[in-house]
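What TrEMBL lists as domain 'UDP-N-acetylglucosamine 2-epimerase' is 45-383. The feature N-acyl-D-mannosamine binding site is assigned by TrEMBL to ARG486, THR498, ASP526, GLU575, HIS578, GLU597. According to TrEMBL, the feature active site maps to ASP526. Feature annotation from TrEMBL assigns Zn(2+) binding site to HIS578, CYS588, CYS590, CYS595.
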Amino acid sequence: MHLKPFLYLKYRVSKKRLRVCVATCNRADYSKLAPIMFGIKSHPEDFELEVVVLGSHLIDDYGNTFRMIEQDDFDIGSKLHTIVRGEDEAAMVESVGLALVKLPDVLQRLRPDILVVHGDRFDALALATAAALMNIRILHLEGGEVSGTIDDSIRHAISKLAHYHACCTRMAEQHLIAMCEDHCRILLAGCPSYDKLLSTHHREDYMDIIKSWLGDKVQERDYIVALQHPVTTDIQHSIKIYGLMLDALLSFNKKTLILFPNIDAGSKEMVRVMRKKGIEQHPNFRAVKHIPFEQFIQLVCHAGCMIGNSSCGVREAGAFGTPVINLGTRQTGRETGENVLHVRDADTQNKIYHALELQFGKRYPCSKIYGDGNAVPRILKFLRTIDLDEPLQKTFCFPPVKDPISQDIDHILETQSALAIDLGGTNLRVAIVCMRGKVVKKYTQPNPKTFEARMHLILKMCTDAMRDAVCLNCRILGVGVSTGGRVNPQEGVVLHSTKLIQEWSSVDLRTPISDALHLPVWVDNDGNCAALAERKFGHGKGVENFVTVITGTGIGGGIIHHNELVHGSTFCAAELGHIMVSLDGPDCSCGSHGCIEAYASGMALQKEAKRLHDEDLLKVEGMDMKLSEPITAAHLISAARMGNSKADAILNKASTALGVGIINILHIVNPSLVILSGVLASYYQAPVQRIISERALLSAQSIKVVTSDLEEPALLGAASMVLDYATRRIY
């Protein structure tokens, strides 16, 4: 989520506080508006908050939910009774008219600088209409979304009246741009309710809350939450679906918490159906008019399933991985996670019952389609940028944008980002990497020795990075992990690690990181990550077939074939360091001998350098060596360059072994490019190119060898997994 680079919204130079009026109509929109109201209230130096309550908040049959606003310690400036009872189409129209009659006096008295309106309810349309006609600026929350009912028309009508927009998803943002709204006045913030639900859903007293609503015998994930509203464009059909849902729930025989429908036309008939079936007296059911949002979060989070057509099922429930059955057409078009099973043609009890059998008790990966828990800080920052001196008349961006993403590509490249983790033998590194391949911020800590300490540090560093990403206006799409050893990227499991990282075999990295951060996670071998980094940011960009060889402490790499990374049947493809180039060569760390790594790795060269040093054959005249300095491969290279024949012979043998190994690769996969990466790459490039031209098949002799220009291939490769694949729903 991110703030737009406002082209003409300047910070207000005056010290006048912004008078913000928040108008709430029902229990659902208050759950989205309350976090913003708390944020505004906590900054009295910048904002003055006015609260207007209307709609079903003030009706006893719907729980008199205005009391929860008072319990949250907000001063309600005005209470407007705007609902005309009848629960039919005519009553909805009359309610809009009544609100339009009463609102002008309130808005005239409060004189807000800006009115905050949420969503797609008929009450909200009255608010937006009154404010627009009275020249009051409007900030519309959750515009641009699609749900498939009359709500769509109302939502889009409010968007056209609104001056500013705070939307929840990238798709909603693009819809607003396509509707000719000025993209400089659109904030991709995320859903404000996520700020509360992501921070509080891990409450220790959740079982107390569940039992208080469903009884002492109920168990976690062994109950159902049901919430079905009327569809005002097809009332009779939605009443039929409601009855079929109740029949299916009765047959399924699980404890069920069922909430009364909202006040839309058709709700009265739905309540009659519920009472006719004896739901309120049935021992398996608890029928309620209202549940405080904090408790509702716990009930949805720990439910075995949620069923109905509430937007909560396709929005908030996804953040917990709670299975959802969406009935009918009320949410058609909304973005959903894989936790949602659609039963759009819910025409039989048996079909709904079968859906319950499929979904009940499952758990899905947590989805953050609608927010990352940082919407309120973005919205407050957005409000501070509003210039009250600029013309009030809004302008539209005609003609309609056919390719909205291309209009904002620079912004996408700067703000869409990944968390990259590089698990090294010595250090653990985490970085925020943007779509351009720029490391926005990097964190480094010594890698702990034990599994528990290592996982704890990974999660802490990632949490710190997520917090900083908000201030840096970076939208984190997911997490990529680069680690040594053999990795199953499909499951996110490290199968066997290197000797540098102990206690790191058969380890599931994806699940704990995904569960803690509520983000998708990708994991792969560091050699493969280096190849991915080159494909996206380096010399491999636009090259269909190439090989990356890492020449560092060990020898590794990755193979890109037809633009895809080659993993192999048991995930050990591209173990380039363990290609044998001699039948009787030196021992290798893998247990074999004669491997490239045993000749050409930094460890192999260091071993040879120490041997020469111990025999007093390393140092030559003019070579600067301190007594306390540890002997490394760099000393061997320095000695060879200064004329040490023995050091030169060792390096020639290492270069030949590496060159012959790469020739074997060329003859097997026939890439068009070889990229050398790592600390020894610059030394090996020329001799390897020469050996290829001398020893390879004629058709392979012209293949070019280049050294990588990337400073952080492991981090960039880990990030590229996220940036390339984060739009896929299944990972």
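One-based numbering along the chain as shown.
Every residue gets a Cβ built from N, Cα and C, even glycine.
Where the annotation comes from TrEMBL, it is an automatic prediction and has not been curated.
Note that this is a predicted model, so its numbers are computed, not measured.
Overlay of TrEMBL annotations on the structure.
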| residue | record | CB count, 10 Å |
| --- | --- | --- |
| ARG486 | N-acyl-D-mannosamine binding site | 18 |
| ASP526 | N-acyl-D-mannosamine binding site | 26 |
| GLU575 | N-acyl-D-mannosamine binding site | 18 |
| HIS578 | N-acyl-D-mannosamine binding site | 20 |
| CYS588 | Zn(2+) binding site | 21 |
| CYS590 | Zn(2+) binding site | 15 |
| CYS595 | Zn(2+) binding site | 29 |
| GLU597 | N-acyl-D-mannosamine binding site | 27 |
Item checked: Whole-number mean of pLDDT values that fall within the domain 'UDP-N-acetylglucosamine 2-epimerase' (45-383) -> 91
Next item on the list: Round to a whole number and give the Cα-to-Cα distance in Å for the pair CYS590 (Zn(2+) binding site) and ASP526 (N-acyl-D-mannosamine binding site).
Entry: 17
Margin query: Just to verify a number: CA distance, CYS588 (Zn(2+) binding site) to GLU597 (N-acyl-D-mannosamine binding site), in angstrom, no decimals.
Written below: 7
Margin query: Please report the Cα separation of CYS595 (Zn(2+) binding site) and HIS578 (N-acyl-D-mannosamine binding site) in Å, rounded to an integer.
Written below: 5
Note to self: Other than HIS578, CYS588, CYS590, CYS595 themselves, what residues in this chain have Cβ atoms within 8 Å of the centroid of the Zn(2+) site's Cβ atoms?
What the structure shows: GLY577, MET580, SER589, GLY591, SER592, HIS593, ILE596, GLU597, ALA598
